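*Asks:* Could you have a look at this structure, given as structure tokens, before my questions?
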Amino acid sequence: MAILSDKTIKEYLEEGKIVIDPLKDEQQIQPSSVDMRLGDEFKVFKVIRKPYIDPKDEEDIAEYMESSTVPEGEAFIIHPNEFALATTQEYVKVPDDLVARVEGRSSMGRLGVTMHVTAGYVDPGFEGRITLEISNIGAMPVALYPGQRVCQLVFETMTTPAELPYGHPKRNSKYMKQLKPESSRVKLDYELKK
């Protein structure tokens, strides 16, 4: 696997092989990645009277979360030990012969804010806004602003195009074409349906 350079990223964007929309300015394209901006919708867990979340539970996990939209110019405050779901402003299409990785920007990491807990991998064929699993592991609350560059997308080549890319009818592509933060759909995983 090879990581795409800024030159190749620009070529693929011009050809439409990679789609990042909107790409507000060329400064988002870094030497080997593309800076992604924070969207304006967030989901956080509600305080509920339940001892734990069971992925096999028929109750929808979405019921344990509440959504909010942050108006332009205002901030979403993430407190220490808090977790929130958000998305990038940009809608992304990854071709069948590339994968992408979400990496936090070091400027955010130095504040104690991570942009993905475990799902930093974007499959070939994915299309939609990238989900961010934001955590504050620092000691102070941090203000996050919609439109702020918070992470970067790194593209890597594959040895061959995927035979069954994300979104293929034979795949269980639970988050294809998502536009806003989506709660976990883990209960749809085939091994939990048995």
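Even glycines carry a Cβ here, placed using N, Cα and C.
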*Asks:* Which single residue out of Y91, Y166 does Swiss-Prot record at the dCTP site shared with R105, S106, S107, M108, G109, R110, D123, T131, L132, E133, Q152, K174, Q178?
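*Replies:* It is Y166, as the record lists it for that site.
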*Asks:* Where E133 (active site, proton donor/acceptor) and Y121 (site 'Important for bifunctional activity') are concerned, what is their Cα separation in Å, rounded?
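*Replies:* One finds 12 Å between the Cα atoms of these residues.
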*Asks:* So how far apart do the dCTP binders R105, S106, S107, M108, G109, R110, D123, T131, L132, E133, Q152, Y166, K174, Q178 get, largest Cα to Cα in Å?
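*Replies:* Maximum Cα-Cα distance: 33 Å.
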*Asks:* Given the recorded positions G109, G120, which one is most crowded in terms of C-beta atoms within 10 angstroms?
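*Replies:* Sorting the candidates by Cβ neighbours within 10 Å, the top entry is G120.
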*Asks:* Other than its own, how many Cβ atoms are within 10 Å of the Cβ belonging to R105 (dCTP binding site)?
*Replies:* 19
